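**Student:** For reference, TrEMBL lists these features for the protein:
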- 277-341: domain 'J' (DOMAIN)
- 6-25: transmembrane segment (TRANSMEM)
- 32-50: transmembrane segment (TRANSMEM)
- 78-98: transmembrane segment (TRANSMEM)
- 105-125: transmembrane segment (TRANSMEM)
- 145-164: transmembrane segment (TRANSMEM)
- 185-212: transmembrane segment (TRANSMEM)
- 218-238: transmembrane segment (TRANSMEM)
Amino acid sequence: MAKGLLLTYALWAVGGPAGLHHLYLGRDSHALLWMLTLGGGGVGWLWEFWKLPSFVAQANRAQGQRQSSGRGTPPLSLIRFAAQMIVGIYFGLVALISFSFMANFYIVGLPLAIGLGVLLVAAVGNQTSDFKNTLGAAFLTSPLFYGRPIAILPISLAASITAQKHRRYKASFGSETLSVRLYRLGLAYLAFTGPLAYSALCNTAATLSYVAETLDSFLSWFSFFPLLGRLMESVLLLPYRVWRLLVGDPGFSSTYFQEWEKLYEFVRSFQDEKRQLAYQALGLSEGATNEEVHRRYRELVKIWHPDHNRHQTEEAQRHFLEIQAAYEVLSQPRKPRGSSR
């Protein structure tokens, strides 16, 4: 059945950020991308308004003739490359929040998440890329920046370059029923959102800590690259500026420095919260000396070491890890508020 332009626009208006129109047109990769990013943060959804006629024509051509995989190489697209970079970083941040507690996360989990994000963008429309080469580039890059959240950037860059190098048109395949497609999309959506929801709801303190550390690393790193720094600032401040445009805030000056100052203090507030939680985990009051922190740490480690609590191994393991994490936070010298600026 031929796809209708009017119905496509209706689905775009009603459920565009959730990818309903792409699901109707058989663009499942694009639909999943929109489901996971809410229509590319709303920007991609609005930009598609002018692209829908070409999407409908492409879907109708695919129904009318079998697509061949030997039609040469698709043209290079800077927009697709930029989207691969952004989505790769986004997937990496989500993985950092959800799975960074896992052993060998920076060797396996992080490059896998970033590579899958890049491949998802590469598979939008009638194009795709080589699965093995793209993931291989991500895995080869990850050891060079082991243990640092900033590894997300070079891994995403390497995977995006590789995906563009090996881009190709999709091979022809038989049509699938809607139930099978929905089942596959549902599994992918749950695999992405399930761990993130668990971390946010059941491990809120650790989730805030990971978010704060990641944002702090990004802000510090971009200070050495003024042009990229200004771009990142614009991206981070975009939701705030949209909110100000809608509701207004006449009592706050709109100068660039003050906007950045507010964002910086917002990130720093999470760092302060992390130290407060660390004091609570060790049972200390804020402002305790390094000697008091070290002495309390040694006492709690002896109490909650798993080898001394074989009758309650799981609870002891949880307390032991919390104590170690809290001690690591309090052992780091606290940065003055103006040091990173």
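Cβ coordinates are placed from backbone N, Cα and C, and glycine is handled just like the others.
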**Student:** So, do the transmembrane segment (105-125) and the transmembrane segment (6-25) meet, by the test of 3 or more Cβ pairs under 8 Å (sequence gap 6 or more)?
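**Tutor:** Output no: the transmembrane segment (105-125) is apart from the transmembrane segment (6-25).
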**Student:** Restricting to the domain 'J' (277-341), what is the model's mean pLDDT?
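**Tutor:** Average per-residue pLDDT within the domain 'J' (277-341): 79.
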**Student:** How do the residues of the domain 'J' (277-341) split into helix, strand and coil according to DSSP?
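**Tutor:** The breakdown for the domain 'J' (277-341) reads 46 helix, 0 strand, 19 coil.
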